[in-house]
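Peer 1: Sequence annotations record features per position, and here TrEMBL assigns transmembrane segment to 170-191, 198-219, 239-260, 289-315, 335-366, 485-510, 516-534.
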Amino acid sequence: MFITGYSVAAGATGRLLFGSDSFGNVCGQKNSPVEGAPLSGQDMTLKKHVFFMNSCHLEVKDVRLSSTVLCVASCPGEQLDTLEEVQLFADNNGSFLCVYSLNSINYTQNPNADSLCPRLPVPPSKSFPLFNRCVPQTPECYSLFASVLINDVDILHRILSGIMSGRDTILGLCIFALALSLAMMVTFRFITTLLVHIFIALIIVGLLFVCGVLWWLYYDYTHDLSIELDTERENMKCLLGFALVSTVIMVVLLGLIFVLRKRIKLTVELFQVINKAISSSPFLLFQPLWTFAILISFWVFWMAVLLSLGTAGAARVIEGGQVEYQPLVGIRYMWWYHLIGLIWTSEFILACQHIMVAGALVTCYFNRNKNDPPDRPILWSLSILFRYHQGTAIKGSFLITVTRIPRTILMYISSALEGKQRGPWSRCVCRHCFCCSWCLGICLRQFNQNAYTTTAINGTDFCTSAQGALQLLSKKSSHLTSVQCFGDFIIFLGKVLVVCFTVFGGLMAFNYNRALQVWAIPLLLVAFFAYFVAQSFLSVFETVLDALFLCFAVDLETNDGSSEKPYFMDQEFLSFVKRINRVNAVRAQGAEHASRNEEGAELQPVV
């Protein structure tokens, strides 16, 4: 809240979204005057474009551009060779290309017109989404304009400009990710053996296709002789990183799919059990829509604060009545804190969803009369969450955030040392630490989910629930754990499918503007968004799966199947567990070359 208030008070998002001139005016808006700047405080409602008076001769002096910047009604579409043509363009289009203090009728009469008007000839230009700038269209002017303006802009502002210039593409990709997530949820709801095979085939094709496109784009960048800008070189480096990471992920996932391919039939039966559990509270399938709406609202709020922080600065009047903005002290630290807030709050929202879904399932599972399900289990679980378990969600989400901070620091150190001579030992240690932190994050996420479910079952705090979950899982049968892990793996493949096709669409869309925007960051944001959307929708099945087996472990711990202590599980889940026991008993018999013929394993209480 402090950062939000500070960014609103000190930031000026309009300067980033719409562009500004050299006198402190935001283009396309009414402005307030700056003390000491006589040309500030003008009404620029009809002047929405940013025009550089010397676009072909830009230089950077004392961290400032040498050219005067104006707000104009339209960019000159044709070359203007004389002041008469500049005057005629102003009279016909209402777009004044000279300093505001000079009237258009004096363009050809004022002796100081050479310094108050653009350097001739004025090249043809058109508006580009990057701050609504008038970008020159002649090759030689474009090269000089882009190399100076983009290479010398602060990296944070280049990132923000890339986000804003691709905002329509980002929005379209987010909608596409939402549609894919809904399609995956329907697929898991009515899953069959044929659908599983089709689904795995799409995963394999998607992984191969995205990996191939990334390497092809990197090859295209390395053989493009026109790469001169820092943005293009940064995009090329990010492409190499994307290609390497996607290749490693592809190899690992394809290997796992090949090893676990024989468990497809059991997986179909497992999802049928999950869907029956969801049928006891069908409104669970609509719950991700609320999570999605909350996440979207938070991310929009987070992005607005981010843009305000990126433009926070104190106005200072310099020579000629021009205004420049100096970054305020502590802004860089606020960026990092704001990033931590994004991760922590997003994880907290997902943790609340997990506790609510697990609570609804637990209420239905431990109901003796299966023909009379409890009333409004979701509302009951939601009320319990808000009354008692928000601290549990905060602690679990904070642990995930803490594990991501060292990984981010390692990435920063690795990028800072890039280009310097490092021995193979240091590179190996850095990669090993990064891999360990990534594996720790995955294990901790599963650990948190089990703790959330135990909290829903027992109503205990986070630490007590985590300890109880570990004790229960240590007693659970290993073959049941393997089936549960493969079910989680199939759900994870669904998330990978959503991210793969969304990233592929982003690659095709962002690649068209490779020169004037750093699209690696927008692509990462789109991938992050796609994963969180898929997580919020498909985590219903993942939560039900994990909670179902944890409830099963508690059921075995407290009951023995007798008439005095019958199991809470229904007959279909009981039959599924018996089939798993029977299959594993047959496999164990074949492995041991035993002579006896087992008819099947019965459920026994865990001691």
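Backbone N, Cα and C atoms are what each Cβ position is placed from, and that goes for glycine too.
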Peer 1: Is the transmembrane segment (239-260) packed against any residues at least 6 beyond its ends, judged by a Cβ distance under 8 Å, and which are they?
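Peer 2: Long-range Cβ neighbours of the transmembrane segment (239-260): 200, 203-204, 207-208, 210-211, 214-215, 217-218, 221, 486, 489, 493, 496, 520, 523.
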Peer 1: If we skip the immediate neighbours and take only residues 6+ beyond the ends of the transmembrane segment (485-510), which ones have a Cβ under 8 Å from one of its Cβ atoms?
Peer 2: 166, 169, 172-173, 176-177, 180-181, 184, 187-188, 196, 199-200, 202-203, 206-207, 209-210, 213-214, 217, 249, 253, 256-257, 260, 263, 266-267, 270-271, 274, 517, 519, 522-523, 526-527, 530-531, 533-535, 538, 541-542, 545-546
Peer 1: Below 8 angstroms Cβ to Cβ, which residues of this chain, lying six or more residues outside the transmembrane segment (170-191), approach it?
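Peer 2: For the transmembrane segment (170-191), the nonlocal Cβ contacts are 163, 199, 268, 271-272, 275, 278, 285, 288, 292, 491, 494, 497-499, 501-502, 505-506, 509, 522, 525-526, 529-530, 533-534, 536-538, 540-541.
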